[in-house]
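Participant: Found this in TrEMBL, in case it helps:
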type	residues	note
DOMAIN	26-270	domain 'Aspartate/glutamate/uridylate kinase'
SITE	K30	site 'Transition state stabilizer'
BINDING	G65, G66, R87, N192	substrate binding site
SITE	K252	site 'Transition state stabilizer'
Amino acid sequence: MSDDTPDPMTIIAGALPFLKRYDDQIVVVKYGGHAMGEEETALRFGRDIALLEQVGVQPVVVHGGGPQINAMLKRLNVQSTFVQGLRVTDEGMLDVVEMVLAGPVNKQVAEAITRAGAIAVGVSGKDGGLIRARKLLRRVFDPDSKTEQVLDLGFVGEPEAIDTRVLELLIGADIVPVVAPVGVGADGQTYNINADTVAGAVAGALRAERLLLLTDVRGVLGPDGALIPEMTVAEVRAGIAAGWISGGMIPKVETCIYAIEKGVKGVVILDGRVPHAVLRELLTDHGAGTLIKP
Ligand SMILES: Nc1ncnc2c1ncn2[C@@H]1O[C@H](COP(=O)(O)OP(=O)(O)O)[C@@H](O)[C@H]1O
Ligand SMILES: CC(=O)N[C@@H](CCC(=O)OP(=O)(O)O)C(=O)O
């Protein structure tokens, strides 16, 4: 063994306090479409989640799939637009969104975890009444007219109620739930929901100990492009207002604020492409990314 190879006993001893802290605790991990990248990245993610389950943590995975939806829309020659990181979703597009998210993406994530030795079951927000949704009315302030305007994003929804029973049944049976971010209205209408938003709602409803949002950047980057290791809710709001927190980062930080308000203790945005990002964050002192604090 070379001198710089960590001693396995040192690693285990270092992880023990963390294992104790998270024993039987629910940890919600949002796995972003960008972080899925190569198949090897997905398999590595699956191994981390399976390992967490095997050491007594109760992981719940919520996945995205924006890039995968984009690829399918491109094949179908359909253009899509985003407003503040949310896909404007018409009726035709909704079928594609649901097909991709609740279909191959959901099954790929569940399979990767199962292949790594845990049992994972994919569900969409429609299964077991998991996510009751309503149409999202996005309010934006127009600085020119100095009035608030409501944007119509089509069939984009927000969670109205989370019925945790199906998740609790799975967790209780040592099965890792893998949730696709699709919801259904009281009238049966399907809604496309941003996956970060779903992860926050699920973490809040399950009273999760921690929420990890895995993406393809190191965390929240400041105006100078440097990683910000810790941010308060007030600093996040200022970053959105100033415009250097934009696009897909907006639903992410908003989710963090929501989860903190719901009592989730540690909320982090981190780079899911880094090997063992989840294990490093939960089981070592060397967490990376951006921790959002009250
Ligand atoms: N301040 C910021 N720091 C980091 N990323 C930002 C920031 N503002 C905007 N972004 C964008 O947000 C993206 C992450 O959101 P998104 O593409 O929706 O990821 P995911 O698919 O993981 O949900 C980054 O790749 C980056 O382009
Ligand atoms: C309303 C809305 O924007 N829904 C997202 C759902 C998938 C998602 O959130 O995927 P990522 O986490 O990979 O970005 C979409 O249509 O792309």
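Going from the start of the chain as shown, residues are counted 1 onward.
Glycine too: its Cβ is placed from the backbone N, Cα and C atoms.
In TrEMBL, annotation is done automatically, which means it is predicted and not curated.
Since we're looking at a predicted model, the values are computed, not measured.
Help me see these features in their spatial surroundings.
Facilitator: Sequence-distant neighbours of K30 (site 'Transition state stabilizer'): residues of the same chain at least 6 apart with a C-beta under 8 Å from its C-beta are V61, V62, H63, G64, A195, D196, V198, A199, L211, L212, L213, L214, T255.
Close to R87 (substrate binding site) in the fold, though at least 6 residues off in sequence, lie G66, I69, S80, T81, M93, V97, L153, V156, N192, each with a CB less than 8 Å from its CB.
K252 (site 'Transition state stabilizer') falls within a helix when secondary structure is assigned with DSSP.
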Participant: Helix, strand or coil: which one is G65 (substrate binding site) in, per DSSP?
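Facilitator: The residue in question, G65 (substrate binding site), is coil (DSSP, three-state).
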Participant: Using all protein chains in view, find how many other C-beta atoms are within 10 Å of the C-beta of N192 (substrate binding site).
Facilitator: 26
Participant: Cβ under 6 Å from ligand 2: which of the recorded positions K30, G66, R87, K252 qualify?
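Facilitator: Near ligand 2, sequence order: G66, R87.
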